[in-house]
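**Student:** Before anything else, here's the structure in question.
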Amino acid sequence: RAAMAARAALLLLLLMAAAAPGPARGSQGDREPLYRECLSRCERQNCSGAALRHFRARQPLYMGLTGWTCRDECKYECMWLTVRLYQQGGHRVPQFHGKVRGAPGGAGRGPPVPSDPHPVPSQWPFSRFLFFQEPASAFASFLNGLASLVMLLRYRAAVPPAAPTYPTCVAFAWVSLNAWFWSTVFHTRDTALTEKLDYFCASAVVLHSVYLCCVRTLGLQRPALISIFRAFLLLFLAAHISYLSLVRFDYGYNLVANAAAGMLTVAWWLRWCLRQGRRLPHVWKCAAAVLLLQALALLELLDFPPLLWVLDAHALWHIGTIPLNVLFYSFLVDDSLYLLKANSDLFKV
């Protein structure tokens, strides 16, 4: 009951934090005088009075339902006008819609701060498909979620609930499904709310990965230790979300925190796999999934305008993780069945 109450409180905190005001936006493209003049003119001509009513009357229903406003349309059209003129002049394609840190709670507004030591993400221009703002990343996130769902169903069909790691693996699958859902939503429609839900749910997956690793490698023999560690991770996640929501939405800190937890999980899993490799032949799946995931993360270091204005490095990273979901869940199935058999044999003895 205490664990359920803690999770319910954490879910409430996540929803409240996601509803908090978001950071202001700014980037090279947003600062371009041509873009700003185009945006101002478009809004004056189309986003008030009879012109706004005409816009709403001819706007497709699916665009209105997904929150695309007249101002959003103006930003989209002016973005492409700016990109075309940059290309005609032989200049590098600019990025748009970057986030600017403000006062606590994201309330601050103003121009970008060049001296900020932690750069914040801007976006390359993407060609919209229907209401999908980043079609390739949204579709890849959906496929990752679908792969997680299929493997969750396969896990539950193959592994009896009596397996020692069954509750932890099933919980990990649901946390991952939730994260991929919000990743799909965020890449479909980037707003302050969807961005926070994407970031916070991704952090939950990272920390649950640490927890899953701890349960498998230490917790089966030390249940008291795993209870303490679980409470620590829940408190850390609550503090992480609170800081980003109530103090400052710091992209640099968020990146470092998640990267540190991810590297801890990688080192922990690999050390365990090396020690158990001869005794447990299925651990190669875990080692391969972990190493390949880190290799794919290098794609995030690439920074190039989207191919065909659709496929960027982040989308490639999401595409690459789809088969890794299948591989890692296959390891969880094999390992859970091994533990179930080992416990059964011990009971017989």
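Backbone N, Cα and C atoms are what each Cβ position is placed from, and that goes for glycine too.
Where the annotation comes from TrEMBL, it is an automatic prediction and has not been curated.
According to TrEMBL, the signal peptide annotation covers 1-26. TrEMBL lists 136-153, 165-185, 197-215, 227-245, 251-270, 282-302, 314-333 with the feature transmembrane segment.
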**Student:** Can you say which of 165-185, 197-215, 227-245, 251-270, 314-333 has the most Cβ pairs under 8 Å with the transmembrane segment (282-302)?
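**Tutor:** Result: 314-333.
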**Student:** May I ask which of the stretches 136-153, 165-185, 197-215 has the most CB pairs under 8 A with the transmembrane segment (251-270)?
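**Tutor:** Maximum Cβ contact count belongs to 197-215.
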